[in-house]
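Noted in Swiss-Prot for the protein shown:
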BINDING   Cys12, Cys99, Cys193  [4Fe-4S] cluster binding site
BINDING   His42, His77, His127, Ser221, Ser222, Asn223, Ser265  dimethylallyl diphosphate binding site
BINDING   His42, His77, His127, Ser221, Ser222, Asn223, Ser265  isopentenyl diphosphate binding site
BINDING   His42, His77, His127, Thr165, Ser221, Ser222, Asn223, Ser265  (2E)-4-hydroxy-3-methylbut-2-enyl diphosphate binding site
ACT_SITE  Glu129  active site, proton donor
Amino acid sequence: MEILIAEHAGFCFGVKRAIEIAYEELNKQKDTRLYTLGEIIHNPQVVKDLEEKGVRVIEEEELEKLLKGDRLIIRSHGISKKLYEFLEQKGVEIIDVTCPFVKKVQNIVEEYYKKGYDIVIVGDKNHPEVIGVNGWCEDKAYIVNSVEEAENLPFFEKACAVSQTTLIEKHWEDILEVLKSKAKELVYFNTICNATQKRQEAADALSKKVDVMFVIGGKHSSNTQKLRKICEKNCKNTYHIERADEITFEMLKGHDIIGITAGASTPDYVIEEVIEKIKSLKGEDENE
């Protein structure tokens with residue numbers, strides 16, 4: 001049996017930074033309440049650990065409950081400008097761990113919106129990152145996530161297009177081709193983060209060589225879902241799992257080359273647990 005781990009699997013820079021800062025804030029032992037706006041990352045184990053240590057999750061519709069001096073961690077997905085201003089007015093201590101790649105998209109959108117450009121965001125309209133980015137152009141962006149949606153856009157005098165940072169490269173390129181015919185002047189920025197791109201490329205390459213492919217990450221994680229889609233094209237035995245205990249003997253039976261990749265919100269220890277589980281089950285297989 002051979003277990004192969006894709007390069008660039010697991011925590012990305014932005015997520016790692018967010019987690020480190022959350023634990024640093026916990027260790028400060030301040031007399032103020034500590035919250036994260038939504039789950040800090042799409043990983044149930046990490047969220048549970050933080051909650052057990054005293055970090056509360058608060059949703060946007062509950063923010064009125066916050067008191068002056070409360071600490072609020074803005075997760076790596078970022079938030080809208082309006083929400084930022086609201087929190088400042090309330091006297092909340094904002095701990096902003098917005099991923100620098102996402103911050104870059106926000107800055108581009110704000111700059112070009114002020115210059116009078118229509119903004120087009122290529123991505124999932126329900127994803128927190130996209131919702132936050134849209135908030136830097138007064139929620140007036142056109143959001144498209146397919147070639148068909150792009151074809152239905154109006155014709156723009158001048159437009160600026162950006163991508164959700166976790167998009168699949170080909171998806172962005174296909175939609176961009178349509179956008180080029182939709183504006184007299186189109187300024188566009190491929191804002192897919194290079195860590196996402198490298199992770200996807202590595203998963204694509206590895207899934208072509210293996211009998212079974214495990215994609216580890218939260219079931220609601222956008223970047224993990226995209227990894228699963230990429231791997232499924234190359235390996236029919238692709239499984240999206242959150243935890244090692246989801247792996248069964250049947251998944252591995254008769255297969256010798258096992259591949260593993262992991263989403264940006266997956267800690268190293270979860271990857272290690274998956275490796276140990278595979279070794280344990282394959283040991284049983286060999287003993288039969």
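Cβ from N, Cα, C; glycine included.
Bear in mind that the values here come from a model prediction, so they are computed numbers and not experimental data.
Swiss-Prot feature annotations superimposed on the structure.
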| residue | record | Cβ contacts under 8 Å, 6 or more apart |
| --- | --- | --- |
| His42 | dimethylallyl diphosphate binding site | Gly217, Gly218, His220, Ser221, Ser222, Thr224, Gly263, Ser265 |
| Cys99 | [4Fe-4S] cluster binding site | Phe13, Gly14, Val15, Arg17, Ala18, Ser76, His77, Gly78, Thr165, Cys193 |
| His127 | dimethylallyl diphosphate binding site | His77, Gln164, Ser222 |
| Glu129 | active site, proton donor | His77, Gly78, Val102, Val105, Gly123, Gln164, Thr165, Thr166 |
| Asn223 | dimethylallyl diphosphate binding site | Thr166, Thr196, Arg199, Gly217, Gly263, Ala264, Ser265 |
Restricting to the record's dimethylallyl diphosphate-binding residues (His42, His77, His127, Ser221, Ser222, Asn223, Ser265), give me the longest CA-CA distance in Å as a whole number.
15
What is the set of residues, excluding His42, His77, His127, Ser221, Ser222, Asn223, Ser265, whose C-beta falls within 8 angstroms of the centroid of the C-beta atoms at the dimethylallyl diphosphate site?
Ile41, Pro128, Glu129, Thr166, Gly218, His220, Thr224, Gly263, Ala264
Surrounding CB atoms that lie within 10 Å of the CB of His77 (dimethylallyl diphosphate binding site), all protein chains:
26
Tally every other Cβ atom lying within 10 Å of the Cβ atom of Cys193 ([4Fe-4S] cluster binding site).
24
All-chain count of other Cβ atoms within 10 Å of Ser222 (dimethylallyl diphosphate binding site):
26
Long-range neighbours only, meaning 6 or more apart in sequence with Cβ under 8 Å: which ones does Cys12 ([4Fe-4S] cluster binding site) have?
Cys193, Ala195, Thr196, Arg199, Ala264
Using DSSP and three states only, what is Cys193 ([4Fe-4S] cluster binding site)?
coil
Beyond the site residues Cys12, Cys99, Cys193: chain residues whose C-beta lies within 8 Å of the centroid, for [4Fe-4S] cluster:
Phe13, Gly14, Val15, Ser76, Pro100, Phe101, Val102, Thr165, Ala195, Thr196, Ala264
Of these binding-site residues, Thr165, Ser221, Ser265, which scores lowest on Cβ atoms within 10 Å?
Ser221
